[in-house]
Amino acid sequence: MTRYKQTEFTEDDSSSIGGIQLNEATGHTGMQIRYHTARATWNWRSRNKTEKWLLITTFVMAITIFTLLIVLFTDGGSSDATKHVLHVQPHQKDCPSGNELPCLNKHCIFASSEILKSIDVTVDPCDDFYGYSCNQWIKNNPIPEGKSTWGTFGKLEQMNQLIIRNVLEKPAKSFKSDAERKAKVYYESCLDADEHMEKLGAKPMNDLLLQIGGWNVTKSGYNVANWTMGHTLKILHNKYNFNCLFGWAIGEDDKNSSRHVIQIDQGGLTLPTADYYNNKTDNHRKVLNEYIEYMTKVCVLLGANESDARAQMIGVINFEKKLANITIPLEDRRNEEAMYHPMQLRQLSKLAPFLNWTDHFDNAMQMVGRRVTDDEVVVVYAPDFLKNLSDIILKMEQTEEGKITLNNYLVWQAVRTLTSCLSKPFRDAYKGVRKALMGSDGGEEIWRYCVSDTNNVVGFAVGAIFVRQAFHGESKPAAEQMIAEIREAFKMNLQNLTWVDKQTREKAIEKANQISDMIGFPDYILDPVELDKKYAELNITPNAYFENNIQVAIYNLKSNLKRLDQPVNKTNWGMTPQTVNAYYTPTKNQIVFPAGILQTPFFDINNPKSLNFGAMGVVMGHELTHAFDDQGREYDKFGNINRWWDSKSIERFNEKSECIARQYSGYKMNGRTLNGKQTLGENIADNGGLKAAYHAYQRTKSDRDVDILKLPGLNLTHSQLFFVSFAQVWCSSTTDETNLLQMEKDPHSPSQFRVIGTLSNMKEFAEVFQCKPGKRMNPTEKCEVW
């Protein structure tokens with residue numbers, strides 16, 4: 001995979017973590033909002049003020065609706081559509097508070113209901129705004145069995161899955177394109193209703209082992225005397241697209257973003273981070289022990305002797321420990337320009353002579369009819385890692401034991417990648433390591449796993465299905481207008497920043513103007529001819545899940561290799577339409593908001609602006625601010641790494657960024673301190689995005705009733721609702737194990753600190769909620785970059 005392609009709003013929900021195939025990632029997952037009935041006793045005195053106000057509101061609303069129904073039925077023949085709009089005009093009297101009635105249309109009532117189900121009025125918003133906004137949500141939404149995290153993102157994602165499932169299970173003749181029919185065939189092969197996978201057992205993998213060149217663990221065709229690492233690596237990388245030892249792909253050149261280039265980076269670890277190999281905590285030791293058990297179980301299922309397999313897999317882990325010791329931590333990989341090392345392949349061969357690099361890449365490119373010579377320029381992002389890796393491998397290749405360990409490691413990378421495509425005993429084998437790693441052994445409904453997997457494989461074909469079913473056309477222009485307003489607010493704020501010099505400020509405004517945005521979905525997916533072209537070379541066969549995954553890997557590899565001599569298409573989407581996320585790509589200077597996130601609770605054109613700007617507006621501001629975070633700021637308006645900042649402004653930017661890093665490093669969760677340096681870019685984007693969205697909201701208030709009248713049952717102004725809407729996006733519950741995993745691997749801060757950290761830096765929040773100086777949510781020292 002490419003090293004640094006895009007910066008996403010949340011951690012990507014994929015089917016694997018750190019190389020281990022899992023059913024659920026560290027991102028936000030979950031489903032339906034739960035509705036709870038009121039308690040049966042109707043004791044007025046026992047009700048609090050909010051409940052009494054709700055009862056009064058409900059009574060008034062019931063009479064209003066009854067009156068309106070009479071009007072509707074007695075005037076049913078009228079052709080004047082305006083007479084049938086269920087709208088209540090505000091009144092200036094007969095209100096319990098002495099104010100006008102709240103907004104009582106169905107959208108306001110629903111929005112109010114959702115907020116009230118989450119909010120905890122017993123918590124002082126100036127002490128803990130996350131608890132104030134989310135405690136009731138957390139109480140009423142325990143993590144379901146089989147899940148490791150449960151939140152707003154996951155609920156919406158799983159509702160999207162249900163929409164997709166309902167279509168995928170329709171007859172093939174109902175689909176509009178061959179690509180969509182391929183999605184259906186793949187989905188059904190994953191469901192495996194006829195249990196073809198169970199009947200085949202280990203056979204597909206054992207057949208593959210022979211094609212790879214054998215495996216010492218299972219005594220399947222491996223001969224140490226004539227085995228070479230370079231030959232096996234060619235097969236794994238260049239034929240089957242398996243990740244091992246290091247990562248490489250064709251990506252956009254950071255210093256010339258109009259062209260593609262071969263990119264090479266560190267890699268090779270199966271567990272999420274190096275810490276898991278070094279037994280830094282009890283949890284790390286537990287995960288490592290379960291990893292050994294997982295490896296051993298799979299080997300035995302493939303025919304190996306248990307004790308012999310365990311011994312050989314411990315050898316693999318010891319090799320991975322060596323990789324862990326030379327792996328550069330995430331927090332030390334944030335300087336884009338410092339990591340960029342272009343060199344010819346002949347130079348790389350001198351740096352890391354364990355591999356004939358020219359031969360390796362020439363072999364890969366033959367798939368698309370392209371030759372590679374010693375003069376080919378590649379970009380290396382971790383030269384020290386490759387040099388150290390070379391030293392390790394050259395030493396191991398000098399002994400028979402070392403060569404056996406290398407064979408075991410390389411083939412294991414293929415085996416563990418495909419265990420989820422085999423029979424149930426193989427799929428169950430990793431439940432233990434998943435439980436240790438994430439606090440849950442999985443167990444979601446098979447159809448959900450298969451919808452997610454189909455999304456990963458033919459995501460734009462599935463996207464066509466989703467868009468036709470769920471995306472409303474009016475959302476796109478409304479979202480585009482919101483982005484324009486937030487961009488304008490961001491630029492206006494730039495004018496007020498005294499720490500940025502005039503020339504840098506002008507160039508920053510130019511870059512902000514140059515940011516392109518893509519919303520909803522790419523147009524071509526609704527054109528069956530164009531969609532079929534995208535997946536024309538992908539072969540999907542009924543009842544052949546294992547082989548289908550092999551074909552998908554080959555298709556993805558070939559698609560990537562074809563890019564090398566092609567100019568960069570800056571309108572290509574890097575995320576499918578049904579995804580509940582958003583991203584910024586620095587080499588394209590582009591922000592993207594898929595249809596999947598342009599839904600309630602993030603966005604609804606019928607909602608008050610305060611709610612839309614607090615939720616979706618902050619997402620938009622977040623992605624826009626990524627263009628100016630500690631990594632994005634290194635790219636100019638054309639998407640190229642270029643020193644366009646004045647040195648004094650860089651110095652002041654670094655000082656302000658250090659304040660953010662210190663702030664978040666001061667937060668603790670489950671006894672562990674957050675890594676503010678690792679999460680710096682996301683924290684800068686969170687803070688800047690919130691500020692831009694709030695200022696845009698204040699500048700664009702409308703005179704619609706929904707934007708003026710209070711929501712029923714909520715004694716909150718719309719400025720306060722903006723912040724509540726923002727916070728409730730992050731309501732979630734997570735296992736302790738997943739919290740640890742996120743703190744060690746995720747570039748985003750945990751949910752509660754994405755709320756507390758940002759709001760405590762924002763003076764407007766303190767003013768709106770009247771938080772006294774020195775309160776937790778209004779500290780005297782605040783951090784601000786943008």
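Using N, Cα and C of the backbone, Cβ positions are placed for all residues, glycine too.
Taken from Swiss-Prot, the feature active site covers Glu623, and the record attributes it to sequence analysis. A sphere of 10 angstroms centred on the C-beta of Glu623 (active site) encloses 28 other C-beta atoms.
In the three-state DSSP reading, Asp686 (active site, proton donor) counts as helix. Marked as active site, proton donor by Swiss-Prot: Asp686.
The annotation Zn(2+) binding site is assigned in Swiss-Prot to His622, His626, Glu682 on the grounds of sequence analysis. For Glu682 (Zn(2+) binding site), the Cβ neighbour count at a 10 Å cut-off comes to 24, with all displayed protein chains included.
When pLDDT values are averaged over the topological domain 'Cytoplasmic' (1-52), the model yields 36. Residues annotated as topological domain 'Cytoplasmic' in Swiss-Prot, with a curator's inference given as evidence: 1-52.
The topological domain 'Extracellular' annotation in Swiss-Prot covers 74-786 and is backed by a curator's inference.
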Conformational class of Glu623 (active site) under the three-state DSSP mapping: helix
CB contacts for Asp686 (active site, proton donor) [other CB atoms within 10 A, all chains]: 29
Number of Cβ atoms other than its own within 10 Å, given for His622 (Zn(2+) binding site): 29
Top Cα neighbour of Asp686 (active site, proton donor) in the set of recorded positions His622, Glu623, His626: His622
